[in-house]
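Copied over from TrEMBL:
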type	residues	note
ACT_SITE	His188	active site, proton acceptor
BINDING	Gly12, Ala13, Ala14, Gly15, Gln16, Ile17, Gly18, Asn106, Gln113, Val130, Gly131, Asn132	NAD(+) binding site
BINDING	Arg93, Arg99, Asn132, Arg163	substrate binding site
DOMAIN	7-146	domain 'Lactate/malate dehydrogenase N-terminal'
DOMAIN	157-323	domain 'Lactate/malate dehydrogenase C-terminal'
Amino acid sequence: MTRTPVNVTVTGAAGQIGYALLFRIASGHLLGADVPVKLRLLEIPQGLKAAAGTAMELDDCAFPLLSGIEITDDPNVAFDGANVALLVGARPRTKGMERGDLLAANGGIFKPQGKAINDHAADDIKVLVVGNPANTNALIARSAAPDVPAERFTAMTRLDHNRAISQLAAKTGSAVSDIKRLTIWGNHSATQYPDIFHAEIAGKNAAETVNDEVWLADTFIPTVAKRGAAIIEARGASSAASAANAAIDHVHTWVNGTAAGDWTSMGIPSDGSYGVPEGLISSFPVTTKDGAYEIVQGLEINDFSRARIDASVKELAEERDAVRELGLI
Ligand code: NAD
Ligand code: LMR
């Protein structure tokens with residue numbers, strides 16, 4: 001039986017993440033090896049020509065699952081009937097630029113896109129915001145889409161999650177596949193808190209296995225939290241292939257489910273769990289099943305973790321207040 005293609009909209013399609021992302025979506029990594037996709041590429045007018053070039057390359061791959069590509073600079077066209085929307089297009093942070101500077105620059109992009117999603121997307125729309133500041137951009141888009149269930153707007157902290165797994169595996173000499181139940185809490189920023197107190201390495205508690213609070217506080221947490229800045233410093237541009245990979249992971253897990261006994265990290269609208277004010281788009285440990293996610297409940301939060309979660313959530317509340325003042329939510 002031929003399946004109906006899933007409409008996947010990618011904004012910022014001509015950018016560096018777009019280039020690393022589109023080929024993997026078209027080859028079946030986003031949704032599954034048996035799911036045909038139709039791509040809609042949204043760009044600003046200056047990006048349309050480059051997006052058309054990428055579309056030519058996509059054609060040249062003759063991907064069996066790719067059933068069409070449309071390129072537009074009109075959000076109302078791009079999100080028409082969209083089932084999955086990857087909001088990547090934004091202004092990347094460049095050397096020396098603070099994330100706060102990005103709020104005003106990028107906020108304006110996400111309000112009209114949220115409205116277009118509200119007015120035109122399919123009923124089952126799932127939105128992942130990658131463009132920074134991702135959590136607050138997701139909040140802006142969500143606020144402009146009152147008819148879409150709030151939980152469909154998510155922000156990407158999967159890259160942080162993957163980075164934390166990789167650092168923990170290197171420290172302990174274990175395989176990344178042995179690491180489960182790691183959590184990123186809070187904002188996709190330098191205040192984020194990668195939490196290993198509930199994580200497991202080959203079934204054993206990760207914090208007990210590491211048994212080194214100095215490494216945790218002074219090496220692990222800052223390395224993960226500042227990895228984005230370190231990559232900008234090294235490459236002269238923000239992470240692209242690893243960000244695209246994390247976007248693929250985020251949506252694939254959301255749609256296809258977490259493995260038994262494991263969870264992932266997603267930036268999602270808070271329901272008030274773990275003391276995070278309702279409505280803030282903050283990263284939590286979540287399990288996913290049948291295209292829906294649930295926050296993992298009942299985790300004991302020690303003082304070390306509490307202070308760090310609170311600090312990141314405080315930053316999110318400040319970003320929310322700033323965009324409220326700008327009239328963006
Ligand atoms: P890039 O500059 O290479 O590409 C951005 C693209 O977006 C450009 O082609 C630009 O023309 C387009 N664009 C700008 N405004 C647009 C709009 N209103 N509609 C549609 N397209 C628009 O940047 P990049 O390296 O691809 O990064 C994109 C974003 O992702 C940045 O904000 C970056 O900071 C962020 N990022 C997030 C994470 C994460 O973990 N959440 C990781 C890496 C990068
Ligand atoms: C990353 O984590 O690599 C990016 O979010 C960094 C950035 O600010 O673009």
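The backbone N, Cα and C atoms fix where each Cβ goes, and this holds for glycine too.
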Asn132 (substrate binding site) and Gly12 (NAD(+) binding site), Cα-Cα, nearest whole angstrom: 12
Binding-site residues near ligand 2 among Ala14, Gly18, Gln113, Asn132, Arg163 (Cβ under 6 Å): Asn132
Cα-proximity to the residue listed as 'active site, proton acceptor', 10 Å cut-off, over binding-site residues Ala14, Gln16, Gly18, Gln113, Asn132, Arg163: Asn132
Number of Cβ atoms other than its own within 10 Å, given for Gln113 (NAD(+) binding site): 28
Secondary structure content, the domain 'Lactate/malate dehydrogenase N-terminal' (7-146) (per DSSP, counts of residues): 63 helix, 26 strand, 51 coil
Annotated NAD(+) contacts Gly12, Ala13, Ala14, Gly15, Gln16, Ile17, Gly18, Asn106, Gln113, Val130, Gly131, Asn132, maximal Cα-Cα distance (Å, integer): 20
Distance [Cα-Cα, Å, rounded] between Gly131 (NAD(+) binding site) and Arg163 (substrate binding site): 18
